[in-house]
Structure formats: C-alpha cells, structure tokens
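Lifted from TrEMBL, the feature list:
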- 1-27: signal peptide (SIGNAL)
- 80-103: transmembrane segment (TRANSMEM)
- 115-139: transmembrane segment (TRANSMEM)
- 151-176: transmembrane segment (TRANSMEM)
- 233-255: transmembrane segment (TRANSMEM)
- 298-333: domain 'EF-hand' (DOMAIN)
- 337-372: domain 'EF-hand' (DOMAIN)
- 415-434: transmembrane segment (TRANSMEM)
- 454-476: transmembrane segment (TRANSMEM)
- 488-513: transmembrane segment (TRANSMEM)
- 519-539: transmembrane segment (TRANSMEM)
- 551-569: transmembrane segment (TRANSMEM)
Amino acid sequence: MAERAKRRLCFLLLCLLLFVLAGIAQSRLVADPNTSDLVSSGVRDVRERPSESRLRRQRLGDAAEGCEQTYGFLPCTDSVLGNLFLALAYGYLMFLAATYLSTGSELLLEILGPGIVGGLFLPILGALPDAILILVSGLSGSRETAQHQVLIGMGLLAGSTVMLLTILWGSCVVLGKVDFSEDSTSTGFSLTGSGVTTDVQTSHAAKIMVVSIIPFIIVQAPKIFHLSSGSRLVVLIAFIVSVAFLLSYCLFQVFQPWVQRRRLEFAKHKHVMAGFLRHLEKGALGPLGPLLTNDDEPNIPLIEKIFDKMDANSDNVISATELRAVIIGMLFELDVNPDDAVNRMMVEFDQSRDRQIDRSEFVSGIVELINKAKQVVANRDELALGYHEYTKAEHETLLDKDEDTGENVKNATWITVKAVLMLLLGTVIAAAFADPLVDAVDNFSLATSIPSFFISFIAMPLATNSSEAVSALIFASRKNKQSASLTFSEIYGAVTMNNTLCLGVFLALVYIRHLSWDFSAEVLVIFIVSMLMGIFASFRTKFPLWTCSVAYAMYPLSLLLVYLLDYVYGWS
C-alpha cells in the first residue's frame, strides 16, 4: 500500500510539472476564427442550433487571443493533442479521487459498520465524482455556455449507466462463469451450460433499479405529450421525485444492509480460507513439502497426503470433528471462531452437501485455493503466506463484526483519521479538477468537431467508474454464487444512484439555470438499457454465458441510437 501511494504521489508531481510546461507553450488554432465552420469530417451536425454555432465561433475567436486558463492559472492549449493530454491527465485525477473516496468509505465502514455508513455514505460517495462533474458541466459561464456544456454532463450520466449495464455486466458474466451442470468452478465454454448464478436479494436490487427510472419518465412527459408549457414545473417535480427516491433508497440500505454485510462476510470467508492454506504451508501437519511442483502447478500428491493426515479415523472422508481439530491449531494465527470456521470450510469444500469432505472434494478445493493465490502472489516459494497477507489486508479494510462501532477494531482512532483524510482528499481532488476536465473535454470537442456528448459518453465513465469496475471484476472472478451476487448488486446499486443522485443534480442544474431539456434520445437510451437489463435480472437468478453477448451488443447500439435520433432525425 505504501509503494502504491508513493507511485501515485510521483505521478501527481509529474502531472503538475507537465501542467506548468504546458502552460508556457502556445500552439496554433485548428480552425480559422473568421470562418463559420470548424474542421469537419463532412458530417453536418444537425443538432447544433444557430446560437450554439455562434457560441463556437465566439469561443474560437477568443482563442485567437489566447486560450482561457481554468481558475486563471491551470494550463490550457488550443491544439488537439494538448487538450487530449489535459483530458487524460484530469481524467486520471478524477480516477484517483474516486479511488480515495472508495477506500476511505470502506475504512469508515470498518469502524462504524454497515448501517448508516454502508447504507447512506457509501452509495453517495461512490456517485460523488459523477455528481460533481455533472454539476460543474453547466454551473459556470453564461446560460448559452451552460446549455452547450451541459451535454457533457448528460453524456457522462448516460455513458456511466450504459457502461455499467453492458460492458461491465457482460464482463462479469464472462469472468464469473461456472459450469451449471456440475455447479463447480469449471471454465468450460458453453453458451447455455455455463454462466453465473446470483441470489434472490440481487434480483430485488434489479427491481429497485427499474423503479428508479421513473424520474426520467416524468421529466420527459412534456416531450412525450407535446406540451408547450409547464416544462419547468415538470423538471421541478422530477427533481423532487428523484430526491425522494434517493432518500428512500438510502434508508432501505440503512435498515436492510444486506449488500454491505454480504461484502464483509465474503472478505472474512476468504481470510479464513487463506489462513487454512497458510496453516498447511507452515507444516502444521508435519513436514510434507511445497504446495507447488517445479512446474508451478498444485502438488496433488502432497494435497492427498494432507487429506490422509486430517482423516484421523481413515474412513476416507473428513468429518466436521476432524476438521475442527485442525482448525483449533489456527487460532494462534487467525482470530476465528472454530465452529464458524468449520461451517465456512464445509461450504468451500463440501460440494455434495453431506457434511463430509471426501478426497476428490478436498483436492479440488485446495487446488482452487492455490490457483486463487497464484493470481495475486508473485513469490511462489511462500505462496500461502503471500495470499494470507493479501486477504488479511483486504479483511482489515472490510472487517466483519456484529456491532456498528469500532470498539473491537485495533487502532480504531488511526483508521478513523485515515478514512476521514482520504475522504477529504478525494472530495477536494474531485471538486478541484472536475471543472478543468469539463473544459478540456469541451475544448477537445471544439478542436476536433467531435460532439462533446460522445466524448463524455465513452471516455469520462472510465475515469469516474473504473475503481468500481475493477472491484466488480475481481469479485466476479471468484466464480461462486456469493461473489457474483455481490458484484451484480453493486452494479445495480451504482445505476440506481445514477438515476437518483446524479439525475437529481442534473435536474437542479437545469431548473436553476433555466436551461432547456433537450435530451430525448439520451433519456430513451437510458430507459431502454435500464429497463431491459433490470427486468431481465428481476425475475431470474441464473444468467447463461450467451447473455453477455446481448449486454455487449447494447453498448454500440446505444451509441448508434443516439446518433441517429439526434444527428440524423434531429430529435433534439
């Protein structure tokens, strides 16, 4: 963790140095400010209104006198590559902000438990970078400028929702697939015979996500019914409904914190399994040899010897009593309850559910643990030790406990201070660099004639949602029902926050700045993707591998739909 922090600090310093150098540089304009058109690919932007054309010409004319620095001191440039670099740099800073907010909230979860923190703070903090970017996209400048830049906020909102339910959802199915027929972690390829399985609570999360689409329908009502008046009132009503949904969702999470408790429980389960593997590697049952062969593969003969050592009565099965005898020796290394650890290991190894572990079940279970350890540990000589340290660090971040206090947590005061500092740092970075990122994206759009909506739709969700995406993919790769349920629950929860918190911020911005609501195509895309994926996930818990192709296909189709409706048929 310390090395990672050092690398991030070095990158921040490098970015600041490059910003200073970029601020000194000057570059040529991409287009002549006296002409009416930018350099174009030949496709006429039918969506751009005359006022927006004048705004583009005015801004290009201003650029002839020098680019406008955000806050008066941050670097700026008129070149395509310069704005691309700034967008990437600011995007990485927003990624760091999202990472700090995620890590800090999880540390706070360790101290205060999954109640208020897990139900209220975690969802809001997870959506905070998106909300800040949406806010600043239309907060500064004149009303005409805000109406133009707010497309970036809508692109981020639509792109984030679509990316979560298509690319990320499909990738989680691919990484988490197991063989349905054998209910194992087999990675055999079968479009119908393999996939992921979730629990019933996950389908409830999908239903909540579907309900959260209602504010989009309300705000779109004047366009649907061709009403010429009352649009501002409808925006206000939609804002109130979105806030009410947000509060209801957070209260539901506070009083029914099953998602947070399940995540904590899963972290503890992995830590117990790693502790057991570490216990075997140390030779607790006698000097048996290394867990890996010279070919870096699981040592099957050694695993069978371990089974024979644990099978005290030689009946070729390991009973709960025999397993408990081994676990007692782990108590000095791992603070676990023996009965709880026995139950966890029975869940991990006992595939036949007969409360006994036969030889094949034990071998396949240990092989799976070793393969998981190989994914995260580079030193094969101390494989189990490294995996144990890895899960220990993860467990300390998400400590399972029954009380919602930090009384039983070591260094509770320091962890609280660290969590608060990380939350403050993440918030400050997000607030400070959201406006420069929006400006860089908008300037890149002006320099290339690529609509800002599509830039924000494709690129910006990668900066604000990448930490959540990586976490979801890691959990999905565990290849079991528990981790799959957690993964998809968090995806549905993130979309719910987009449809409540982020939309609420957007509607407040539209109402306060007296902006026009001209986002019919974008709303339609969000509605279609959320409804299809939400309804599909609400009434089933098993998702075959073929479903990932449907999810993947919806991403380019969403982009194509927005392009056709807005830039061909002129919906907006």
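Start at 1 and count along the chain as shown; that gives each residue its number.
From the backbone N, Cα and C atoms, a Cβ is placed for every residue, glycine too.
Among the listed stretches 80-103, 151-176, 233-255, 488-513, the one sharing the most Cβ pairs under 8 Å with the transmembrane segment (454-476) is 151-176. Nonlocal intrachain contacts for the transmembrane segment (551-569), taken as residues 6+ away from its ends with a CB within less than 8 angstroms of a stretch CB, comprise 43, 45-47, 158, 162-163, 165-167, 169-170, 173, 451, 453-454, 457-458, 520-522, 524-525, 528-529, 532-533.
Counting Cβ pairs under 8 Å to the transmembrane segment (488-513), the top-ranked stretch among 80-103, 233-255, 519-539 is 233-255. With helix defined as DSSP H, G or I and strand as E or B, the domain 'EF-hand' (298-333) counts 20 helix, 3 strand, 13 coil.
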